[in-house]
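What TrEMBL annotates here:
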- CYS34: active site, proton acceptor (ACT_SITE)
- HIS81: active site, charge relay system (ACT_SITE)
- GLU125: active site, charge relay system (ACT_SITE)
- HIS15, HIS40, HIS42: Zn(2+) binding site (BINDING)
Amino acid sequence: MKVTVSRKAHFNAAHRLYRKDWTFEQNDAVFGKCNNPNFHGHNYELIVSVTGEINPETGYVIDIKDLSDLILEEVEKPFDHKNLNLDVPEFENLNPTAENIVVVIWNKIRKKIEPELDLEVVLFETPRNFVTYKGE
Ligand code: NI
């Protein structure tokens, strides 16, 4: 019997979508307004979901307080009120698209939870635009 436990979280961050090895015109053609050299911000929302068997002793799949602390340390503290391109080492040479951000977040949390638990992260860049990564 598997149950999914989810925790919502939030961070505000700035980014610019571009490739350093492309000209401004190439970047403009692909990334449009998101290539603004002065950056722009989003209110990112995320849902982190952990699926596994209920521990018969505790009744928990994962202690949600532990999950919440993990998201705070791995995502909120390093990303909130940051410029993703300039302040977050993972994006020094990785375009901070929603797709790449969700994979970075998934990898950070994956390392900190028990291997038998399944992990899914949904990242909303706007209320209508969101991406999902399950490690596949
Ligand atoms: Ni953007």
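Keep in mind that glycine also has a Cβ here, set from the backbone N, Cα and C atoms.
Features as recorded by TrEMBL, highlighted on the structure.
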{"residue": "HIS15", "record": "Zn(2+) binding site", "CB count, 10 Å": "26"}
{"residue": "CYS34", "record": "active site, proton acceptor", "CB count, 10 Å": "17"}
{"residue": "HIS40", "record": "Zn(2+) binding site", "CB count, 10 Å": "12"}
{"residue": "HIS42", "record": "Zn(2+) binding site", "CB count, 10 Å": "19"}
{"residue": "HIS81", "record": "active site, charge relay system", "CB count, 10 Å": "11"}
{"residue": "GLU125", "record": "active site, charge relay system", "CB count, 10 Å": "18"}
10 Å Cα neighbourhood of HIS15 (Zn(2+) binding site): matching active-site residues from CYS34, HIS81, GLU125: CYS34
Nearest recorded site to CYS34 (active site, proton acceptor) by CA-CA distance, among recorded positions HIS40, HIS42, HIS81, GLU125: HIS40
